[in-house]
Amino acid sequence: MTSADYASRQRAIIAELNVAPHFDAEAEIDRRIDFLAQYLRSTGLRTYVLGISGGVDSSTAGRLAQLSVERLRADGYDARFIAMRLPNGVQNDEEDAQRALAFVRADEVLTVDVKPAADAMLRSLVASGHAFDTPAQQDFVHGNIKARERMIAQYAVAGARRGIVIGTDHAAESLMGFFTKFGDGGADILPLAGLNKRRVRGVARALGGEELIVMKVPTADLEELRPLRPDEHAYGVTYDEIDDFLEGKPVADRVYETVLRFYDGSRHKRALPYTMFDWPAA
């Protein structure tokens with residue numbers, strides 16, 4: 001591809017992911033709190049539910065959710081926010097998760113250990129006669145099972161409490177497809193959409209998040225053979241490079257190539273299930 005081709009695709013992706021050319025953290029906070037509040041009221045439901053991992057994304061989305069239900073209550077609408085801790089046994093960075101909960105200040109906190117369910121599913125797969133190619137493949141699949149068990153737990157609570165599940169996907173993760181389909185990608189509303197990682201951190205900082213939260217190294221921490229593996233190691237590019245791409249800045253050819261490879265390979269994650277009427281795309 002030529003430089004012009006790269007730039008053309010970059011502009012199209014930025015538009016698709018709704019990344020604005022300018023960023024004002026305080027304005028984004030108010031806009032996103034208002035969005036959450038108006039949406040919940042429009043549904044007639046009463047509760048937001050979100051899993052809090054300890055990272056900046058869930059911390060930021062959680063604080064926005066709490067402020068949105070407080071705004072609704074001040075306006076006479078009964079609403080509340082439930083933060084869920086969803087560890088897989090003992091979380092490696094539990095101290096960070098507790099710090100995040102203190103920042104979010106949710107109305108209610110529920111803790112559900114997904115390890116028994118995730119491990120039982122893996123055992124059932126193995127007992128069925130299914131054989132994994134390698135231990136690494138089994139570990140990867142097991143990690144996605146954990147993410148989907150977390151989704152199940154959040155929807156169980158939402159279903160019982162007239163609730164809506166919040167997701168933490170933002171433009172950088174959406175671009176790279178770095179979420180589990182029907183796992184952490186399974187949600188009803190995405191208050192961080194349109195923000196790249198740099199801007200999520202800017203919102204978190206403006207909300208009063210301490211630097212240990214704002215600058216925590218992003219990790220899905222789903223794989224037991226590679227605990228706390230940073231997202232950037234999986235990408236092969238840094239968040240700064242991804243964010244520069246999303247802000248329309250020129251990046252190195254290797255960054256263009258890596259980003260576009262991840263973006264094209266994860267297109268199905270950003271779409272509703274395909275039918276014969278919409279695939280292949282015209």
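Placement of Cβ uses the backbone N, Cα and C atoms for every residue, glycine included.
Taken verbatim from Swiss-Prot:
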type	residues	note
BINDING	Gly51, Ile52, Ser53, Gly54, Gly55, Val56, Asp57, Ser58, Thr168, Lys197, Thr219	ATP binding site
BINDING	Asp57, Glu173	Mg(2+) binding site
BINDING	Arg148, Lys181, Asp188, His268, Lys269	deamido-NAD(+) binding site
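Overlay of Swiss-Prot feature records on the structure.
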{"residue": "Gly51", "record": "ATP binding site", "DSSP (3 states)": "strand"}
{"residue": "Asp57", "record": "ATP binding site", "DSSP (3 states)": "helix"}
{"residue": "Arg148", "record": "deamido-NAD(+) binding site", "DSSP (3 states)": "helix"}
{"residue": "Thr168", "record": "ATP binding site", "DSSP (3 states)": "coil"}
{"residue": "Glu173", "record": "Mg(2+) binding site", "DSSP (3 states)": "helix"}
{"residue": "Asp188", "record": "deamido-NAD(+) binding site", "DSSP (3 states)": "coil"}
{"residue": "Thr219", "record": "ATP binding site", "DSSP (3 states)": "strand"}
{"residue": "His268", "record": "deamido-NAD(+) binding site", "DSSP (3 states)": "helix"}
Just going by other Cβ atoms within 10 Å, which of the binding-site residues Asp57, Glu173, Asp188 has the emptiest spot?
Asp188
Diameter of the deamido-NAD(+) binding set by C-alpha atoms, the set being Arg148, Lys181, Asp188, His268, Lys269, in angstrom:
18
Out of the binding-site residues Gly51, Gly55, Thr168, Thr219, give me the one sitting nearest to Lys181 (deamido-NAD(+) binding site) by CA distance.
Thr168
Can you tell which of Ser53, Thr168, Thr219 has the least company, meaning the fewest other C-beta atoms within 10 angstroms of its C-beta, among these binding-site residues?
Thr219
Starting from the Cβ of Arg148 (deamido-NAD(+) binding site), draw a 10 Å sphere and report how many other Cβ atoms land inside it.
21
Glu173 (Mg(2+) binding site) and Arg148 (deamido-NAD(+) binding site), distance between Cα atoms, whole Å:
17
Just to verify a number: CA distance, Glu173 (Mg(2+) binding site) to Asp57 (ATP binding site), in angstrom, no decimals.
10
Distance, Asp188 (deamido-NAD(+) binding site) to Gly51 (ATP binding site) (CA atoms, angstrom):
13
Can you tell me whether DSSP puts Lys181 (deamido-NAD(+) binding site) in helix, strand or coil?
coil
Looking at ATP and its recorded binding residues Gly51, Ile52, Ser53, Gly54, Gly55, Val56, Asp57, Ser58, Thr168, Lys197, Thr219, figure out the farthest C-alpha pair and report it in angstrom, whole number.
19
